[in-house]
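Asker: Let me give you the structure first, and then I'll get to my questions.
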Amino acid sequence: MIIAVDGPAASGKGTIAKALAAHYGLPHLDTGLLYRAVGIAVLRGGGDPSDEGEAFHACAFDEALLTDPGLKSEAAGRAASIVSAHPSVRAALLERQRDFAHQKGGAVLDGRDIGTVIAPEAQAKLFVTASPEVRARRRFEELERMGLAVTYDHVLGDIRARDERDSGRGIAPLRQADDALLLDTSTLDVAAAVATAIGLVEQRRKG
Ligand code: C5P
C-alpha cells in the first residue's frame with residue numbers, strides 16, 4: 001500500500017507519516033529532506049537558491065547530507081522552499097521518490113506533491129493541515145527547545161511566506177489532491193492526530 005501524506009510546514013504531517021509507517025510496517029520517506037539537502041548544498045557552496053542552474057547542480061548532493069543536523073534549520077527550510085520551485089530540481093528528484101513509493105510492499109511518503117504528482121495512484125492520501133498560528137506556535141516551541149533565539153512573530157512570518165511560495169508556484173504547488181482526506185490537526189494532540197490518521201487510512205483500505 002502506498003500512503004501519501006501532504007501538507008504545509010509544521011502541520012504534523014511528518015509525525016503522522018512516521019507513525020503510519022510504524023503502524024503498517026512500511027518504509028517512510030520524508031521528501032522535504034531531499035529539497036532541504038539541495039538548499040543546504042547551494043548555501044554551503046556560497047550559491048543562491050534562486051539561481052536554477054546552481055540549484056540543479058546541487059541535486060547531485062552527497063548522500064551523507066541527508067543525515068546532517070543542519071537540514072532541520074529554518075535557513076534550510078527557506079532555501080528548500082526556493083529551490084523546490086525550479087522545474088529542473090523537481091525533475092531531478094522525481095525518479096528517486098517514485099522508486100521509493102513503488103518498492104515492493106509499498107511505502108509512506110510525506111511532502112507537498114505526493115498525492116498529486118509523485119504517487120497519484122496512492123491507495124490512501126491524507127492532506128494534513130492546521131492554522132498558520134498553531135503551526136507557528138509548534139515550530140516556535142520546537143526551535144526554543146533546540147536553544148535557538150527566535151520570536152513567535154518571526155516564525156509566523158516565515159510560515160506564511162513558505163505557504164505562499166509553496167502554494168503559489170507554477171509547478172507541483174501545494175494543494176489537496178481531489179481524492180485526499182483532510183486532517184486538520186489544529187486542536188489535536190499527537191496521539192489524537194495519529195489515531196485519526198489511522199482511522200482515515202483504514203477507511204480507504206476498506207472502501
Ligand atoms: O516538509 P519540509 O518543511 O521539510 O519541506 C521543505 C520545503 O521543501 C517545503 O517548504 C517545500 O517548498 C519543499 N518541498 C516540496 N515538495 C515536497 C517536499 C518538500 O516542494 N514533496
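Any Cβ shown, glycine's included, is placed from N, Cα and C.
Sharing the record's features from TrEMBL:
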BINDING   GLY7, PRO8, ALA9, ALA10, SER11, GLY12, LYS13, GLY14, THR15  ATP binding site
DOMAIN    3-202  domain 'Cytidylate kinase'
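On this model, are these features tucked inside or out on the surface, and what's nearby?
Answerer: When secondary structure is read from DSSP and collapsed to three states, SER11 (ATP binding site) falls in the coil class. Counting only same-chain residues at least 6 apart in sequence, those with a Cβ under 8 Å from the Cβ of SER11 (ATP binding site) are VAL128, THR129, ALA130, ARG135, THR185.
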Asker: When you measure from the Cβ of THR15 (ATP binding site), how many other Cβ atoms are you left with inside 10 Å?
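Answerer: Excluding its own Cβ, the number within 10 Å is 18.
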Asker: Just to be sure I understand the contacts, which binding-site residues have a Cβ under 6 angstroms from any atom of ligand 1? Candidates are GLY7, ALA9, SER11, LYS13, THR15.
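Answerer: Passing the 6 Å Cβ check against ligand 1: ALA9.
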